[in-house]
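Colleague: Below is one structure. I have some questions about it.
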Amino acid sequence: MIFMEVTLAIVKPDGVKRGLIGEILKRYENKGLRLKAAKVVTPSIELLEKHYEEHKGKPFFKPLIEYMSSGPVFAMVLEGENAVKLVRMINGATKVEDALPGTIRGDFASSTTYNVVHGSDSVESAKREIALWFPELIL
């Protein structure tokens, strides 16, 4: 079944620093996703703690927050058929050793932390994350 969805994707600081925004956006658009909203921002620790709240207390939480707040990110809302699943497929596996060539992470990630991109993991997460990153956007 086909569902028109919106999802949040983020080019993380390592991807922005390496000039990968255009290549990543092209990969999403080539699969039929449309850019609905986008911004370059250096996220606050407060925003990131809300975004990653399900990981609070895990050993990687603090390093993840520090990394994600270390520089600008390119946050975007993408729209399309089965957008959540499609973005995750294009991104590739979270763990760099599991990411296949041809995926964003398979081609560009240097570690599981420095894995270039974020994509919402469910429709519910997408709604919550978009509300955090784009509070001005009415969906």
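Backbone N, Cα and C define each Cβ position, glycine as well.
As listed in Swiss-Prot for this protein:
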BINDING   LYS12, PHE60, ARG88, THR94, ARG105, ASN115  ATP binding site
ACT_SITE  HIS118  active site, pros-phosphohistidine intermediate
Colleague: Determine, from DSSP, whether HIS118 (active site, pros-phosphohistidine intermediate) sits in helix, strand or coil.
Modeller: strand
Colleague: Just checking the binding-site residues LYS12, PHE60, ARG88, THR94: which sit within 10 A of HIS118 (active site, pros-phosphohistidine intermediate), CA to CA?
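Modeller: Close binding-site residues: LYS12, ARG88, THR94.
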Colleague: Give the maximum pairwise CA distance in Å, whole number, for the residues LYS12, PHE60, ARG88, THR94, ARG105, ASN115 listed as binding ATP.
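Modeller: Farthest-apart Cα atoms in LYS12, PHE60, ARG88, THR94, ARG105, ASN115 are separated by 21 Å.
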Colleague: Can you name the residues of this chain that are 6 or more positions from LYS12 (ATP binding site) yet have a C-beta less than 8 Å from its C-beta?
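Modeller: Result: TYR67, MET68, VAL73, TYR114, ASN115, VAL116, VAL117, HIS118.
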Colleague: Rank the binding-site residues THR94, ASN115 by the number of other Cβ atoms within 10 Å of each Cβ, and give the residue at the low end.
Modeller: THR94
